[in-house]
Amino acid sequence: MADEKTFRVGFIVLGLFLLALGTFLMSHDRPQVYGTFYAMGSVMVIGGVIWSMCQCYPKITFVPADSDFQGILSPKALGLLENGLATEKKRSRAPAPHAPYVRLFEEAAYDQSLPDFSHIQMKVMGYSEDPRPLLGPQLGQLSLGSSDGGEGSPQDIQAWTEAAVVVHRGSDENEGERDPTQSRPGPPTCPQGPAPLASFQEDLDMGSSEDSSPNPSPPDREEPRPPTQEPKAYWCQLDRYSDFALIDAPTAEDVPCGGQQQEMALPHNWQRSPGTEEEEEEALDTGAEEPEEEEEDLYYGLPDSPGDPFPDKHTGLSPAVLG
Amino acid sequence: MEELVGLREGSSGNPVTLQELWGPCPRIRRGIRGGLEWLKQKLFSVGEDWYFLMTLGVLMALISYAMNFIVERVVQAHNWLYREIGDSHLLRYLSWTVYPVALVSFSSGFSQSITPFSGGSGIPELKVILSGIVLEDYLDIKNFGAKVVGLCCTLAAGSTIFLGKVGPFVHLAVMIAAYLGRVRTATIGESGNKSKQNEMLVAGAAVGVSTVFAAPFSGVLFSIEVMSSHFSVWDYWRGFFAATCGAFTFRLLSVFNSEEETITCLFKTDFPVDIPYDLPEIFFFVALGAICGILSCAYLFCQRTYLGFLKTNRFFSKLLATSKPLYSALAAVILASITYPPGVGRFLASRLSMGEHLRSLFDNTSWALMTRNSSPPWPKELNPQNLWVEWYHPQFTIFGTLAFFLVMKFWMLVLATTIPIPAGYFLPIFIWGAAVGRLLGEALSVAFPEGLVAGGVINPIVPGAYALAGAAAFSGAVTHTISTALLVFELTGQIVHGLPVLMAVLAANAIAQSCQPSFYDGTIIIKKLPYLPWIRGRKISSHRVIVEHFMNCTITTLAKDMPLEEAVKVVTSTDMAEYPLVETKESQILVGTVRRAHLVQAFKAEPPSSTPGHQRCVQDVLAGGCPTEPVTLQLSPETSLHQAHNLFELLNLQSLFVTSQGRAVGFVSWAEMEKAISSLTNPPPPK
């Protein structure tokens, strides 16, 4: 959150200001005055510095998608929209953030466009448990506007695939040019559970079927919401990230619970290697020391060289590498 | 803010944010977080606003005091230099002139290089912001440093440049208030509530004025009068709380710094309390108010004309556009040369600083009477006990000095207000008004040496009281406020002159408000800021103007059954930020609005129509995921201008749709309102 950084900096600056003021107000017959100022100032400076330092540990990042996937896509014919809206894109892209990645934890667009997931009790379930019952409430909330899903499921799949692939181009400019549908979170529903996703799986060789099924729920839940200012691009990207998170799932059926992939993905990861978490963290520490980098990349377990935001871009996405 | 949540394997309970799961020392962090949550719950049970308001007040007082401190030290250094530099005229002239020139050009260059918004007063822009119009980046915290540094430099230049502190300080206060509002939103966790943000801004404006003068009452009232057209009592409480915290801390810091023994007013005076004035003197007070009103009209007119001249003249506008520091340096050279003490400055009392000007003008003796027989010499150095001696010249007497001061400072102030540095324009007009009052008071005390009421007890006329009234009246007339009367009392602690001063202020305002727009409104007019003017007078048949007469009838609507290609053509060929959505093309029943950005995205997400039989229309696109906003407030063509104006002002609206029996027929934004109002007050000539 960009705001939080300014708060930290402001806190430290305020502490320094109090120290300076205490120096000015130095009068020897009233030591309690400058003593108070010094005390408050130093507490604020030290607190601010510790708070800033605690932000500088490496975070979990997602490995971005591989460029190979682009070949699988059939580039969408943009049709009459493209020309007319080309200028629109430039205009609307202008205020895009400069961060190449969507910051998963802190993006304002994210929090506004997503329905709140925090209330969803995401239980880390054993592999045997059937996640479907948890999908019930979500499906119920789906505006199963199949009337509108005129494209049918292949279209859905295609939309999903496209949506999934664009993820590694984090900046909006690239996305906008390459994928016209990236902003659309996808067709309203995927009422048939596994069937379309089976093709999804074989296309991309990843994920589990239930990944996509909760996907419709957020976009539909968006509709009754008051409109958001931010583009839905972020939301879609996050979805895709979570798709990729499950690339690494040791078992394909290991779909944890309903709700959102994001929640599923990370504890999934967590679950996968609880014991190795320390090693991973150390690896992350040594590997990706990016103290100033504000982006919270969901970094998928590999110690990458520092400053390389796209570690696996050229190596191709394979579970072995990522594991 | 939404965060990803997760649970550790096997643990029960609420999901916690992933940062806690993955960060270092998770237990300590959890402990700290829990502690902070407990603290938050305990503290914020009385409502979190008060803590932030208190922080705002205390912070602004600290900043104000620190600025005063720094400026005082710099001025002391300059005075020492001027004293020590010897007797050579050239060296002394250089030391007197180079100092303000360097400071002003540095202030101008520095603040302009960081942001162009940092110059000038800031109060006109804040007026626009508080009326609901968003001026982007004006309240960005990164302007803070530029403005503080620029303001310190301006103040350090002192009475040579003759500018004050109020305007930029209010801007600083509102910036800090906006920042604290964001902190508050982050702490509480609720997403931005625009009315809460506005509350903080209004409180910030009140704090700004009150910490400059350590005057909470007049600070709040002045900020209400200058910056709001409608003010809710809810904001009143908050403004007062923050302003009191600020003023208290400001005076407390003086006590801590051993400058004062206890909390007192800024300018101490010694006026007689038993019989402060005789009854006939009230007539003279009111006359003084009228004179100040006329003079304020002249000042406002000259200032606006000169500002307009600068903008239109080719040479000056080019100079100001390309090299602001150069213009500032030139103006500072002119001002400093005139105020050079061995030269013309001798007749302007130019060795006094701004505060010393006020202190000397509020002096409780009558200079004319004191200098009638004796002739005090001009001291080599400034004597803090007898500051008024600066105003005395053997040949010209105090009348000549005061008159010369008034004449010269009039045009010098007009010049100084055009320098692009962060500066406040209230204190100089306050001092100028005090000089007007002093002149009149001295004249009266010479005319009536034994007071106005003959026989019995002698109650001499106190010119200092006239200076009080003059200061309040002139500054009130220029800014179109009445709270300057209260400000004068809070500054000096003298409320015994309450009624005459208030009457003077009312008289001055009556004249000024009927002739000229206020200082800040004039700046809004010159800078063409987007502000809804106020409908003047009731006798211009404004009640008969209805919305139908001035609404914008050319609206582009998107009908739900419009085919997609046509809709795309409409969207790409027009440039509105928001499109009204109507039911069908024939019925034109307004059902909502849709934002351009969402519409564009929805269009891009549309697949090309692969199935030829089914023609997709706007309705499908909308159902596919484009959010529409309902229309909550509409105007009717028969709504009067006054009603529409009230709606816009009260609710801080930007635009409204006009519907007649449900059909969307027009669109009214503040641009149309402004045009309607201005054509009412200045009707265009008939063709």
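The backbone N, Cα and C atoms fix where each Cβ goes, glycine too.
Note that the structure is a prediction, hence the values are computed from the model and not measured.
According to TrEMBL, the transmembrane segment annotation covers B:50-70 (among others).
The feature transmembrane segment is assigned by TrEMBL to B:90-110 (among others).
Positions annotated as transmembrane segment by TrEMBL: B:148-180 (among others).
Beyond its flanks by at least six residues, the transmembrane segment (B:201-224) meets 53, 56-57, 60-61, 64, 126, 129-130, 139, 165-166, 169-178, 181, 231, 235-236, 238-244, 246-247, 249-251, 265-266, 424, 479, 481, 483-484, 486-487, 489-491 of its own chain at Cβ-Cβ distances under 8 Å. The feature transmembrane segment is assigned by TrEMBL to B:201-224 (among others).
Outside the transmembrane segment (B:282-302), and at least 6 residues removed from its termini, the chain residues within Cβ reach (under 8 Å) are 410-411, 413-414, 429, 433, 436-437, 440, 444, 466, 469-470, 473-474, 477-478, 499-501, 503-512, 515-519, 522. Residues or ranges marked as transmembrane segment by TrEMBL: B:282-302 (among others).
Here the transmembrane segment (B:323-340) has Cβ contacts under 8 Å with residues 93, 96-97, 99-101, 103-109, 112, 119, 157, 159-162, 316, 348, 350, 408, 412, 415-416, 418-421 of the same chain, all six or more residues outside its ends. Residues annotated as transmembrane segment in TrEMBL: B:323-340 (among others).
Among the features that TrEMBL reports, transmembrane segment is placed at B:396-416 (among others).
Outside the transmembrane segment (B:461-488) by six or more residues, the chain places 213, 215, 217-219, 221-222, 224-226, 269, 271-272, 276-277, 281, 284-285, 288-289, 292-293, 295-297, 299-300, 358, 361-368, 426, 429-438, 440-442, 444-445, 448, 451-452, 494, 497-498, 500-502, 504-509, 511-513, 517-521 with a CB less than 8 A from a CB of the stretch. Taken from TrEMBL, the feature transmembrane segment covers B:461-488 (among others).
Under the heading transmembrane segment, TrEMBL lists B:495-512 (among others).
Here TrEMBL flags B:551-610 as domain 'CBS'.
Through the fold, the transmembrane segment (B:495-512) approaches residues 271, 273, 276-277, 281-282, 285-286, 288-290, 292-294, 296-297, 300, 465, 468-470, 472-474, 476-478, 480-482, 484-485, 488-489, 518 of its own chain, all at least 6 residues removed from its boundaries and within a Cβ separation under 8 Å. Helix first, then strand, then coil: DSSP counts for the domain 'CBS' (B:551-610) stand at 20 helix, 16 strand, 24 coil.
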